[in-house]
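Annotated features in TrEMBL:
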type	residues	note
TRANSMEM	106-125	transmembrane segment
TRANSMEM	131-151	transmembrane segment
TRANSMEM	188-208	transmembrane segment
TRANSMEM	220-239	transmembrane segment
TRANSMEM	245-268	transmembrane segment
TRANSMEM	288-307	transmembrane segment
DOMAIN	313-385	domain 'DUF1736'
TRANSMEM	374-393	transmembrane segment
TRANSMEM	405-426	transmembrane segment
TRANSMEM	432-451	transmembrane segment
TRANSMEM	460-478	transmembrane segment
REPEAT	501-534	repeat 'TPR'
REPEAT	535-568	repeat 'TPR'
REPEAT	603-636	repeat 'TPR'
REPEAT	705-738	repeat 'TPR'
């Protein structure tokens, strides 16, 4: 409702507005809750939201953070800023067939700024920004909920009235402390949802500002400028994450229900019966169609530009990402989609079982109506239909408005993740519920007001709600601590999704990275058991078995992996390594070339191919393979080292020296290259330069027995016998079994004894 300004100098006009507002139905009248001034209410919400997630500030990069941040070249200064507009969220070209098609350039830009200010990949700065964003959004929610729950009314001076201060505070607190938001706040990749929500809310508040002044008794004036600002902010929200575009639809719904007070059921009836009094129903009131046209044109333009940038091809997802979308039966797809909706609703109602990933068998498909989980669908639709009927048919216009807005904010932002318009790459994702939770908070608060109205002991009800808030705060703190490291995050999922192969795979990978291969094998085997087509688990398990010299089982697993996914380049390379170890050289060579066929820029495969050729004494081929590896990856230290060693061993000292110097120019601090080049220089009798490199290598890695042993050999040849003796002794102390060192040391001792006898 918008009041018109009649007399700018009327005394106490602002108080009159408040008195008139109190005549309208008001949620706060029945709500037993804290009444705080707006400033203090926002401070309480900000502090509470901060307390929920503060312990995530010093967490690591976890899960998707590795791909979106650490491995994303778009964050580095050498990548032109313009490339961000043609790359997806993960740094791949949008035109690529392998692109995820998630277009979020503004989110990536904030990651890049974080990286530049931090001077590298230090997660604290990334986490702090996420926490600040959530606190800011929670504070904005006080204003948003005051409009959604209390209506939009302004004073003659253009100041918006908060007609539901208690209800808006409760709803904002519910939003601020909801545990389902932990993934967005504690997971750095959740920045996309936070930025999207920020501009989503700013777009809504901007749209409300369009009605700040009203000067006509009949109809409403509005500011075209603020409507256009709202569209621009909606576009910015979409450039942070795709859901942002839905705010334009919600603005239209808000306009129709709150600004024009359209009765949807009455409008439907008049449309069905072709009633000529549609103008009286509010549809054709001054400005509504024009504003909706602006919103539609803006939305269509944004989508068209995004479509042109993204290209026509949809993203390619696999069956394990979203199994229901690959079901042949339309009935099975529909049943499972609705079951997913019911699980999302349950996460809002009872956010106790939270998991970083819900794919890969975590939620088995419903394939028949005899499955007991059908009850969840029935419960969901029973509640939704009941709410929709009340939203449409209630004689209370205040109730119709709040329920319709609550359902609108619950459902419309969720539509991009619903599988209705296109296939999505997940079963359930807690991050996509960030915006829909606004609708949940509206409905919860309205339900609380209805219960308060009926309850005789309202304080007990208020204490119960306060208890829910406190439990949610503790749950947020606990969940945030689980997001601080991959080990805690992955292990927390084992009890929630024990059937999820990806959970077992990630626990196994984390253990393997820490060197606990025995425990990793157990989890990899379980991942393969749960999903017999899980090629990445087979590949990693095959790698560990290869390192443990269990070559035949490793070969079986890797052969099965490439049979299931013939273009799996990493598995082909690892299969080649196993076949090489089994001395089946022709098969190994074929596997390496197959890997390179599927991944042309594969330096590690060229390196392993070079090792195969070296074993076969095909020295030229080996050198060419290693040279290819260094061209593709100039910092490939192992390939450079092998070239130097092979040239050294074959007597090509001048060429070995040239390669060594070239390598050290590219990787100046690599002590293994210093060591290899020092050996070559020593054989070329360039003792002084060789000594300098040996000493530099030892300074970088003082506990390498071979470094001391070979320096001792250099001094031995050079005639510096005391220093030779010293470094032989250091080498033997570090490694008493060092090959050749003991013999050389004994030779030196005999020589020193002979010199002493001659001197005596």
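Just so you know, glycine gets a Cβ as well, placed from its N, Cα and C.
Note that the structure is a prediction, hence the values are computed from the model and not measured.
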Best-contacting stretch, by C-beta pairs under 8 Å, relative to the transmembrane segment (405-426) and drawn from 106-125, 245-268, 460-478: 245-268
Remote residues contacting the transmembrane segment (220-239) - C-beta distance under 8 A, at least 6 residues beyond either end: 2, 103-106, 195-200, 202-204, 206-207, 209-214, 245, 247-248, 251, 259-260, 285-287, 291, 294-295, 298-299, 302, 306
Tertiary contacts of the repeat 'TPR' (501-534) (same chain, 6+ residues out, Cβ under 8 Å): 63, 320, 355, 357, 359-362, 486-487, 490-491, 493-494, 540-541, 544-545, 547-548, 557, 564
Long-range Cβ neighbours of the transmembrane segment (131-151) (under 8 Å; 6 or more residues past either end): 1, 24, 26-28, 38, 41-42, 45-46, 48-50, 53-54, 56-57, 160-165, 167-169, 171-172, 175-176, 181, 184-185, 191, 194-195, 197-198, 201-202, 204-205, 208, 258, 401-402, 405-406, 409, 438, 441-442, 445-446
The repeat 'TPR' (501-534) - residue tally per DSSP class, helix then strand then coil: 27 helix, 0 strand, 7 coil
The repeat 'TPR' (705-738), counted residue by residue under DSSP: helix, strand, coil: 28 helix, 0 strand, 6 coil
Counts of helix, strand and coil residues, the domain 'DUF1736' (313-385), according to DSSP: 36 helix, 0 strand, 37 coil
